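To keep things clear, I will list the structure first and then write my remarks on it.
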Amino acid sequence: MCLFAEAPVCCSSRYGLALLSCYAFFVVYSLRVNLSVAMVEMLNNTQKSSTNHSGSLCPAHNSPERPKHNQTASMYDWDSETQGWILGAFFYGYILTQIPGGYLASRCGPKWLLGLGVLGTVLFTLLTPLAANLGANYLFAVRVFEGIGEGVTYPAMYTMWAAWAPPLERSRLFSISYIGGQLGTVIALPLSGEICFYLDWTYVFYIFGAIGLFWFILWSFLAFDSPNTHPRISEEERIYINASLKDELAVSTNNIPWRAIVTSRPLWAIVVAHFSFNWSFYTLLTLLPTYMNDILGFSIQQNGMLSALPYLGCSIVAVLAGQFADYLRETCLYSTIRVRKAFTIVGMLFPALFLVATGYTGCNYILAITFLTLSSSLGGVASSGFNINHLDIAPSYAGILLSITNTFATIPGMVGPVIGRGLTRHNTLEEWQSVFYIAAAINVLGALVYTLFGEGKVQPWAIRTSSSHGK
């Protein structure tokens, strides 16, 4: 039962922020994944047929003849190992700004940190075609710089939600934000394929870069660090948010209890779950277009559309899961930790099962796409599980906690594409089965650890007291 009179949802500032942050994650994920599709078109190391895709293990699928005017962009002779390094380069920069991002967001405010971080990623995205022409090393460096800019986004956003999200609305608000990343993937994958088909791969980076610039303009004028600094928020909503958070937020963040944070067992449970979930997530995010092309035989136009289906399902499930999670908590049927653990188990074990099953579908592309879609869709349930647990155990330090867990969770993005491409040098079904098995096993391990050690209450070192906020 809610202890405070709820402020209306319609036209509220907190839900306006949710929509802006949704757009933000749309931008950062579209900039993150567009290379996965463009990479298929950037290569000339295979003999392409008139149907616009290289020879594949399974029979090729018919596709419309592509316009002739679009075959003007440069193509490159990069082997599978080089491709893996380029696809993983983003995460080498991304990992560098996780912990600094959480610290700076708590000290300097999250608005401009997030805004300028995304702007930097946008500017380097616009430089991608130039870097590719200069060589693979230059492209690797540009992707690293993109990651550096984007690395502050999640820590900054978590810090912002710690000041904006009433406890019983966290799952809903977070799921609206989270869906932006899924929508960015859902739209960027097929749109990148269409851009490559009708124009050329360079326009993928120019168009999405322009979309990012427009977001930055909106963010600059419409986003604010907290309800107390927002000039247009209603007094009713300001009082409601502040009252709901008054017993959860620490007095200040000048003296961060680092020792208590890094020795917190619930935090490390989230770390393991986050790492495990991201292994399968980044494996699909970076390698799914390659699997669609090299194994299932889909053209660049079909590739983007079909690669987006798993993330469309995930975005829908994530929003529904957020609503259901808050319903379970608000009606007092289940405690926070029971909800978080149940949603984590469903969002990690079932995706693992369908991921393994995908490896045994052979050339039955309908079954393969169905299983991949079910795997990613059910993964959306975890958005209301471990993925939001930082705000449950330490609202005042949610950005810092997220920066710690996301640092470890970035490692799969760094090594996953390299290992995945290393294991699939010959593009056989058995090689791809190994990729899926590894991802599924790591998923199961993460769900088990979180179930055993996760917690749902604010930790003692994060609770507001009159004398100190850390122990």
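Note that the numbers count up from 1, one per residue, in the order the chain is shown.
Cβ coordinates come from backbone N, Cα and C, glycine included.
What TrEMBL lists as transmembrane segment is 12-31, 85-105, 112-132, 138-161, 173-191, 203-224, 267-288, 308-328, 340-360, 366-385, 397-415, 435-453. The domain 'Major facilitator superfamily (MFS) profile' annotation in TrEMBL covers 16-458. The region 'Disordered' annotation in TrEMBL covers 51-73.
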Excluding the flanking five residues on each side, which residues at least 6 beyond the ends of the transmembrane segment (203-224) place their CB within less than 8 Å of a CB in that stretch?
16-17, 20, 23-24, 26-27, 30-31, 34, 37-38, 111, 114-115, 118-119, 121-123, 125-126, 128-129, 188, 191-192, 195-196, 230-231
Is the transmembrane segment (267-288) close to the transmembrane segment (340-360), in the sense of at least 3 CB pairs under 8 angstroms with a sequence gap of 6 or more?
yes
Which of 12-31, 112-132, 138-161, 308-328 shares the most C-beta pairs under 8 angstroms with the transmembrane segment (397-415)?
138-161
So if I exclude everything within five residues of the ends of the transmembrane segment (85-105), which remaining residues of that chain have a CB under 8 angstroms from its CBs? That is, six or more out.
32, 35-36, 39, 78, 113-114, 117, 136, 139-141, 143-156, 158-160, 256, 282, 286-287, 399-404, 406-407, 410-411, 413-418, 421
Within the domain 'Major facilitator superfamily (MFS) profile' (16-458), what mean pLDDT does the predicted structure show?
87
Test the contact criterion for the transmembrane segment (435-453) and the transmembrane segment (267-288): 3 or more CB pairs under 8 Å, pairs 6 or more apart in sequence, then answer yes or no.
yes
With a Cβ cut-off under 8 Å, give me the same-chain residues at least six positions beyond the ends of the transmembrane segment (267-288) that come close to it.
32-33, 36, 87-88, 91, 185, 261, 307, 310, 344, 347-348, 351-352, 355, 372, 375-376, 379, 382, 385-387, 389-390, 393, 401, 404-406, 408-413, 416-417, 420-421, 424, 435, 438-440, 442-447, 449-450, 452-455
Give residue numbers and ranges for long-range contacts of the transmembrane segment (366-385): same chain, 6 or more residues beyond its ends, CB-CB under 8 A.
171, 174-175, 178, 182, 273, 277, 280-281, 284, 288, 296, 306, 309-318, 321-322, 324-325, 339-348, 350-355, 357-358, 450
